[in-house]
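Enquirer: Summarising the annotation, TrEMBL assigns [4Fe-4S] cluster binding site to B:CYS639, B:CYS645, B:CYS679, B:CYS683. The siroheme binding site annotation in TrEMBL covers B:CYS683. Positions annotated as compositional bias 'Basic and acidic residues' by TrEMBL: B:807-816, B:824-834. Annotation source TrEMBL lists domain 'FAD/NAD(P)-binding' at B:5-287. Residues or ranges marked as domain 'NADH-rubredoxin oxidoreductase C-terminal' by TrEMBL: B:319-382. Per TrEMBL, the feature domain 'BFD-like [2Fe-2S]-binding' maps to B:422-467. Marked as domain 'Nitrite/Sulfite reductase ferredoxin-like' by TrEMBL: B:558-620.
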Amino acid sequence: MSNKTQWQSVCHIDDLVPDSGIAVWTEDGPVAVFYLPNRIPCLFAISHTDPFSGANVLARGITGDLKGQPVVASPLYKQHFNLETGACLEDTSIKVTIYPVLLDGDEVVLEVPIKAHDQAVA
Amino acid sequence: MSKKNLIVVGNGMVGHHFLEQFVDSDAAAGFNVVVFGEEPQLAYDRVHLSEYFTGSTHADLAMGTAQWYADKGIDLHLDEQVTEIDRDNKQVITPKGSYSYDELVLSTGSFPFVPPIQGNDNPHCLVYRTLEDLDQIRASAEGGKVGVVVGGGLLGLEAANALKSLGLEAHVVEFAPRLMPVQLDADGGALLRKKIEDLGVQVHTEKATSAIVEGEDHRLRMNFSDDSHLETDLIVFSAGIRPQDALARSSGLEIGERGGIVINNQCTTSDANIHAIGECALWDQRIFGLVAPGYTMARTLAGALNGDSEAAFTGADMSTKLKLLGVDVGSIGDAHGQTPGARNIQFNDGANGVYRRMVISEDGKKLLGAILVGDNGPYDTLLQYALNSIDLPASPEVLILPESEGGAPTLGPDALPDTASICSCHNVTKGDICGAIDAGCCDLGSVKGETKASTGCGGCAALLKNVVDCELEKRGVEVSKDICEHFPYSRQELFHLVKINGIRTFHQLIHDHGKGHGCDICKPAVASILATVWNEHILATDHVALQDTNDTFMANMQKNGTYSIVPRVPGGEITPDKLIVLGEVAKEYNLYTKITGGQRIDLFGATLSELPEIWEKLIAAGFETGHAYGKSLRTVKSCVGSTWCRYGVQDSVGMAILLEDRYKGLRSPHKLKMAVSGCTRECAEAQSKDIGVIATDKGWNLYVCGNGGMRPRHADLFATDLSDEELIRAIDRVLMFYVRTADRLQRTSVWMENLEGGLDYLKQVVLEDSLGIGEELDAHMQTVIGTYQCEWKTAVEDPEKRKRFREFVNDERKDPVQQWTQERGQRRPVVETA
């Protein structure tokens, strides 16, 4: 296991939907990117895969806040995931991967791990 | 010091309750706990056994989970029968081995008594106690038409209900002159019989079965001692229970003359290290065939094993409150008035099917017992009077007279003494509840969690809520009806805020009237309100982030993240050309196809990006969205009606199509289903729908607020012999009134049950316009109908909206986790076997 990461451009700012999520494909698999314009910072990225069902659906959940934490509710079984930490509010043993995300000009960029084969080349 | 062994034989409701009481106590630390169950499943709720036929599974009925047993360190042996107790060596023997005990608890329950009738060993003669019994009944019912229950007691009527729910013509055969002879008197029994016969169950009393032989028209014939007979396809014996004491008997424990393991007040048998609880135990020459006394024994024994010198079982209240085949029956205390000098007060309203009897003491001051049939409304109040020996009011008859004749003063929670038992399953008094509230419980949920009240049979739920609400109010706590943490309002209040203030977006509403950013509770609720009031496209920029995924993508998400598609097929009428298009599209996208219960076709397995492509093709062929994803009108089911059917008296298909086209797209608090039947044979099953219409030779009968599904409710007859115009106006107003006043996710059935004034009130509002809002409701419905658009047509024509349907916005690839397999000629997702 390596800790090496890279920043990857995943989409244009116009692809984002306010108060909702979109799914992007990254070197690390499917990632959900949420845009909450009333928060600072306003971008969040977590794994798109719902750990309870294994389906790639989290970007399609409803966003909001519970007791001040920004959350998304899984569209399948409705568990809530903290967008900042990836923690599941209903089951403390479950956590989804979170990814650092930034706006670089009009591009949304994510920090994702470098895959083993990439390192071999590097 | 090594631990001692405690063995529990029997894993039923009482055995499980004992474990719950014991494992967390101080004494438990000194014991290894081992449990043997004869059945292959964990303890389950036998009180609600008949729900197994209406959709409940063992998991729904289970009292605990294997995880709980593991967490508590209990060594659980299911499907392992204890065959012998070796008292000399303190061991129990099973086919798999022998196990030493220091303390032994027998909770072996009871078995159904099968009368010694010739022929009772026929494979279609069954009993009703375990899930396996129910599986056998279900198997036997296959291919049968008629089922008979022998025994008209409490369990027998439950069993008759089960047979009825399996679609059989059900009969009850009772030896006594009336039903429920233990709990009811002659008048009460007669009314119960009439009500049950009205529900289609035939009752035969004073019948003794002499033999069961092969039948002519059915599998079996029951010959009765009066030379009459009855033919049937299966027989369920429910003629009482007998304590399961075989194991205790063969090991030489003291057994009662008519069975039952003799126990003392500490639930200990004639062997000081062996204890017995529940239906297998005989206390003071009595067997207790209800769950609450069994629970009391379990608690007593757990206390005694912990050295509590005051723990004692001293008998139990055998009062019961039930709904048998939907009929209320209640029996309290000395129901038959056997106390010397007891006096009776009776109220018998044959027209409305209500019978009530109070048995009061000679001096008229105390309630000794009561019988209720048809309406258990006064039960809780009467039970409290009886259990707590509360002085009756000066004219005690007001307690059972209907309200219109003087107003029955219910015994408010305030009038109950602190010692009043609220939950008899878990022995929770009003004082315990007050204590929990004083210790910081501020709502019903936390009181339940703290005291366990109302987590047994649930019969005290309404009383518990009253006590908690009353006590909270006394302490100045307001009972919250808030929809969630973001809005201090109910759905109905939010509806008014939106309408009166002309609010058109969620942001404006939460800015003006709420706090925070919203959540998955309030956002879809507000989206539904906005859609009802303004009817803008659900994917309009301001609304898109509010919707559940099904609304956002206008399809139903399935377990693997793909979607299913249901095009509208109004009234279930479809041309061959359209059927072919559905087939072609399904084939092209490899979609699994299934006919729905609402006379439509469901296409499963479409990915997000395929949805708009598929809809382009469907729209081109003339299909519209079916709103299967929305809280809105689903289908209007119909039979073929007078056009083809020789019995039909009206054009039910035509009316169904008219209704479906009228109300499609109406957003509501929950989904809506309708049906139209062309004659009284009711082939469209309209009486199980939110709106049901049945043709008569003079017009249409309208039924409202029925439901199928998880909690079926028969629809109420609302108006008769309506013309087309009258029918539509009535439905317009019922629906609009529902949409405006119901709670979030409240179906019409529950809405009706909670509507103050009920059916009569709704009739006044809709048919007599008692609130003067009739025209406003009509106009609102007209606006909704006038602004209808096919959401999918609008979406596929708008490139911006189509962008939402990309699987990954930066990559053309399909979702990689979806794995498929073939089954019965179609594609389906691979099921995870985790």
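Every residue gets a Cβ built from N, Cα and C, even glycine.
Quantities reported herein were computed from a predicted structural model and do not represent experimental measurements.
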Enquirer: Using a 10 Å radius around each Cβ and counting other Cβ atoms from all shown chains, which of the binding-site residues B:CYS639, B:CYS683 yields the largest count?
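Expert: Result of the Cβ crowding comparison: B:CYS639.
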Enquirer: What residues elsewhere in the chain lie close to the compositional bias 'Basic and acidic residues' (B:807-816), defined as a C-beta under 8 angstroms and at least 6 residues from its ends?
Expert: 561-562, 607-609
Enquirer: For the domain 'NADH-rubredoxin oxidoreductase C-terminal' (B:319-382), jot down how many residues DSSP puts in helix, in strand and in coil.
Expert: 4 helix, 33 strand, 27 coil
Enquirer: Select the range from B:5-287, B:422-467, B:558-620 that forms the most Cβ-Cβ pairs under 8 Å with the domain 'NADH-rubredoxin oxidoreductase C-terminal' (B:319-382).
Expert: B:5-287
Enquirer: Ten-angstrom check, please: count other Cβ atoms within 10 Å of the Cβ of B:CYS679 ([4Fe-4S] cluster binding site), all chains counted.
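Expert: Within a 10 Å radius of the Cβ of B:CYS679 ([4Fe-4S] cluster binding site) lie 20 other Cβ atoms.
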Enquirer: For B:CYS645 ([4Fe-4S] cluster binding site), what is the tally of other C-beta atoms lying within 10 angstroms of its C-beta?
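Expert: Taking every protein chain into account, the count is 15.
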Enquirer: I'd like the per-state residue tally for the domain 'BFD-like [2Fe-2S]-binding' (B:422-467) from DSSP, helix first, then strand, then coil.
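Expert: Helix/strand/coil tally for the domain 'BFD-like [2Fe-2S]-binding' (B:422-467): 24 helix, 4 strand, 18 coil.
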Enquirer: Along the domain 'NADH-rubredoxin oxidoreductase C-terminal' (B:319-382), what average pLDDT does this model show?
Expert: 87
Enquirer: So which other residues, same chain and not among B:CYS639, B:CYS645, B:CYS679, B:CYS683, have a Cβ within 8 Å of the centroid of the Cβ atoms at the [4Fe-4S] cluster site?
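Expert: In sequence order, the nearby non-listed residues are B:VAL640, B:GLY641, B:TYR647, B:GLY648, B:SER652, B:SER677, B:GLY678, B:ARG681, B:GLU682, B:ALA684.
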